[in-house]
Amino acid sequence: MSTTTLTRREQRAKAQHFIDTLEGTAFPNSKRIYVTGSQHDIRVPMREIQLSPTLIGGSKDNPQFEENEAVPVYDTSGPYGDPEVAINVQQGLAKLRQPWIDARNDSEELDDRSSAYTRERLADDGLDDLRFTGLLTPKRAKAGKRVTQLHYARNGIVTPEMEFIAIRENMGRERIRSEVLRHQHPGMSFGARLPENITPEFVRDEVAAGRAIIPANINHPESEPMIIGRNFLVKVNANIGNSAVTSSIEEEVEKLVWATRWGADTVMDLSTGRYIHETREWILRNSPVPIGTVPIYQALEKVNGIAEDLTWEAFRDTLLEQAEQGVDYFTIHAGVLLRYVPMTAKRLTGIVSRGGSIMAKWCLSHHKENFLFEHFREICEICAAYDVSLSLGDGLRPGSIQDANDEAQFSELHTLGELTKIAWEYDVQVMIEGPGHVPMHMIQRNMTEELEHCHEAPFYTLGPLTTDIAPGYDHFTSGIGAAMIGWFGCAMLCYVTPKEHLGLPNKEDVKQGLITYKIAAHAADLAKGHPGAQIRDNAMSKARFEFRWEDQFNLALDPFTARAWHDETLPQESGKVAHFCSMCGPKFCSMKISQEVRDYAAAQTIEVGMADMSENFRAKGGEIYLKREEV
C-alpha cells in the first residue's frame, strides 16, 4: 500500500491527467471481442484471454505443443476496454441504446427541463467551466405510455436490451470445446432457476415476474444492458462520490472509469458535496454501466443540510432532475416508518443508514409519516415515465452484529415488500436493499425473509459484514458475508472498501473493494452452479499444473498484482518458465512432484503393457505369423 500523500491540488492534477490521456486499454494478453445478436447493432462486448500452448512432448530441438483455447469472460469496462475505440471524456460515450429507444416510438423529447433546480443551474453562467458541454435533450414517456423494461416484458416483448443480456450472461461459453474446461461441479442453488443456456425469452420471463431488473433509463443511452436477478450471474456495485471535504469532478470520473475496469456492474454516485448536479452529468455521459443515486442526499443539500426542512416538493424536483439526467436507479428510503423509529432505541448502534437517519429525523421532528411512503405512488409515476428502477433502501439496517435481524430491520423489510407490489402496479422495476452487519449463522434468514416477504424481487446487500473487529479490513469481513448471501440468492453485492468506517475511498481502495467482491460474487456463482462459472477456474488450474506462469497471471482477476508478487522473488525471465515458485523451491514443489509421479505412472503402464504383450507372444509359441483362427 502506497504511503505517499498528495496534496489536494496534486490529486486533482493527477486525475485530470488520467482523463486527458485516457485510451481504450485491454488487460494483458486479452483482446476485446464482440458477439453479435439478431440485428447488426446488438454487439455484446467480452474479454477473451489468450493462452499459450502446453508442451506435451518431443525433444528440445523439436518440441510438441497442444493449443489451449482462449477463455472468454464477462467485461464491464465498455469502450474503455477496447483499444480500437477513441476515448474523449469531454464528448462522452457513444449512445449505444439510442436507436432501440427511438424505434419503440413511445417517448418524446422535452421542450424544457421539468426540474426547476436544473433550469436554475443551466442559467448560471458561473458554472460554465464545470458543466459537461454535450448535454442531451431529455426524453420522457409519451402521454399514456410506460417505457420500462418491465412493461415490455409483461406485454410479451423481447427488447434488444434483453437479447443483449442473454448473450452477455452466457459469457461466450458456447465457444469452449475442451471437456477439461467445461467440467463443472453441481451446485446448490437454494431454489434458484439456472438454465443451461440463457435465452432472450428467459430474460423476458424473469423481468416480467419481477425476479430480475434491467436498470436502463431512456436518458442514459450510453449504458450497456445488464441484469440483476438471482437466476443470473451475481453482480457487484461500486460506490463513488464526492463529499463536502474531499474529491472533485475529475477524480470521480477517474474513479468511474477505474471501477468499470475492475468489474463494477453498476456504480452509485453518492456525492454529498458541491456541484452534485454537474458531477453526475459527467459521470452519466461517460458511464457504460447503470448509475444509481440516493436522491435524498441532494434534496438535503437543497435545504442546507437541515433534515427538518425537507419537503415532498423539493424531493420530487430532485427525482425529475436526476431522471432527466439519466440516473438508472434510485435508492428510496420509503420503508422507514414513524412507528418503526422507536424500535431502534434499544439498539447498540441505532440508525446507521444516512438516508434512514435523515428520514427518521424528519418523521420525529414533524411527528408525521415518512413523506416518501406517503407519496410513493407519485414516485412510481415518475419512475415509469423514464424507466428508473427503484432500489428500496434499508434505512433501518443493522450497523453492528449485535443489532442484526432485529424487529426494526425486519419490520422495514416487510414494508418494502408491500411497496414492491405498489411499484409493480406502475410497471416499475424494483430491487430490495439489505444489510449490513450480520454474523455468518444469521445471514441465510435475511435471504429467506426477503424472498418470502418481497415476492422474489432481487436482493441487493451491503456485505454483510460478519464481524465488527477489523477496521481497515472490512472488505474482508464483508466479503465473507457477501459470498454467503450471494450463494443463498442475493442478486447484487454492494462492495465495501478498506476505508469503510474510516474515510472516503480513493482509487486504490475502489480497486481493492472490487477485487474482493468479484471474488465473493464468483464464489457464489460456483456454489449456485451457474453454467460456465467454472471455466476460468479450470483454465487457471490447468495453467498452474503445467507451470504456464504467464497464463496464470493473465487469468487472474488482477494480473498485475499476481505478476508483481511472483516477480518479487523470481524476477528473471527464467522464472516465468520455471517448474516451481519461491514458496517451495525446485525440489519441494508439489505440482512438479505430481507431474513426475504421473509421468512415472504412465511409463510403468507402458512397461507393464509391453511385458504382458511379450508373455502373450511367448504363450502363443513365439511365431511371428499365426493362422487366422489363432488370432
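Every residue, even glycine, has its Cβ placed from backbone N, Cα and C.
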Among Tyr275, Tyr386, Tyr460, Tyr473, which residue shares the substrate site with Asn239, Met268, Tyr297, His333, Ser353, Arg354, Gly355, Asp394, Gly395, Leu396, Arg397, Glu433 according to Swiss-Prot?
Tyr460
Reported as an integer number of Å, what is the Cα distance between Tyr460 (substrate binding site) and His501 (Zn(2+) binding site)?
20
How far is it from Gly395 (substrate binding site) to His437 (Zn(2+) binding site), counting Cα to Cα, in Å?
13
Three-class DSSP secondary structure - Tyr297 (substrate binding site):
helix
Do me a favour and check the Cα-Cα span between His501 (Zn(2+) binding site) and Gly355 (substrate binding site); whole Å is fine.
16
My understanding is the cutoff is Cβ-Cβ under 8 Å with a sequence separation of 6 or more in the same chain; which residues meet that for Ser353 (substrate binding site)?
His333, Gly393, Asp394, Gly395, Leu396, Arg397
Please identify, from the binding-site residues Tyr297, Tyr460, the residue with the sparsest Cβ neighbourhood, meaning fewest other Cβ atoms within 10 angstroms.
Tyr297
